[in-house]
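All remarks here apply to the structure that follows.
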Amino acid sequence: MEAEGSSGLLLSRKRRRDGSNGEAEESERLGKIPRFTVGLKHPAPFADELVPANKKPYARVTMEEAKRGTPPERPVRVYADGIFDVFHSGHARALMQAKCLFPNTHLIVGVCSDDLTHKYKGFTVMNEDERYDAIRHCRYVDEVVRNAPWTLTPEFLAKHRIDFVAHDDIPYSSAGSDDVYKHIKEAGMFAPTQRTEGISTSDIITRIVRDYDVYVRRNLQRGYTAKELNVSFINEKKYHLQERVDKVKRKVRDVEEKSKEFVQKVEEKSIDLIQKWEEKSREFIGNFLQMFGPEGALKHMLKEGKGRMLQAISPRQSPSSSPTREERSPSPTFRLPFFSKTSPPPSPRPHHSGARGYLISEDDEEEVEDDEDEN
């Protein structure tokens, strides 16, 4: 029932996308999905392992009844068949569409055997048991039919009580028929699905064949032997040599990238150093000019020091009323008339009105006169 609820949710989301109001549908499509567990705990059973269906006569439901919804005990039985080699998302999407065709769907999936597939389509990558098991573990599958027929017969449809057959609408020519589903379409039992573009088993095999050397080297690295990979001794050595060459190339690329990063870091650091050096040099030049320039602090300091030195060595000036020393005439030494010419010159002493005379200069004479005036 949880799976059915999930199917209904997917159908409702698909119907909203197909509506006419594009903006409304886009906003609803981007809405969050409620969190609940819809996964199954066990793989889908095989049809030949199930209890036989009840003995009621087989009666198909019409398309209108299936779309309206059937009772829980009578789901619409939809059949989808295929090879399902290298099971991928395109297969899963096709089965999801088949599961979501009707509100209450029981999906039966038929998988063809190796013999039948190799006869009508070609060699497969996976064997039939691997393909059966892959389909059993798809979440949309309710029942798996092993060794499914290539062309559906009325007996097969009645045996499995199939109401509708789901497949893409492109005519499938095989086994001498232009479309193996032609009689199903004519009977009104065909329910079309859409193919997923861009992915198929053939596309995946083409990728592997195109890059064969890459995948051989990949598996040799992972421990597979040349015998397991059907590779000759010479090719094995060639692949090992190519792998070593590629390792050297990768190392060279790594070294180049690291060297580029190193050079880039050195350039960034050198630019920073140059900028810092320019700033420091401008600052040094400015300080030098401020100190030793024409109007620098050193010149003012020298001027100031010179002025102080001149002031220190120059004598104090005389009062403004007395003549300066330069204005005075030189005063020769002379002897007073009242002293004897033969007496030796006395040592300078304070002036007394006494008997001895001494040599005085004109300046001393002026000082004596000044003293006498005061007395």
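Cβ atoms here come from the backbone N, Cα and C positions, even for glycine.
Between the stretches 14-41, 238-265, TrEMBL puts its coiled coil entry on 238-265.
Residues 213, 216-217, 220-221, 231 of the same chain, all 6+ positions outside the coiled coil (238-265), place their C-beta atoms under 8 angstroms from a C-beta of that stretch. The average pLDDT the prediction assigns to the domain 'Cytidyltransferase-like' (79-207) is 93.
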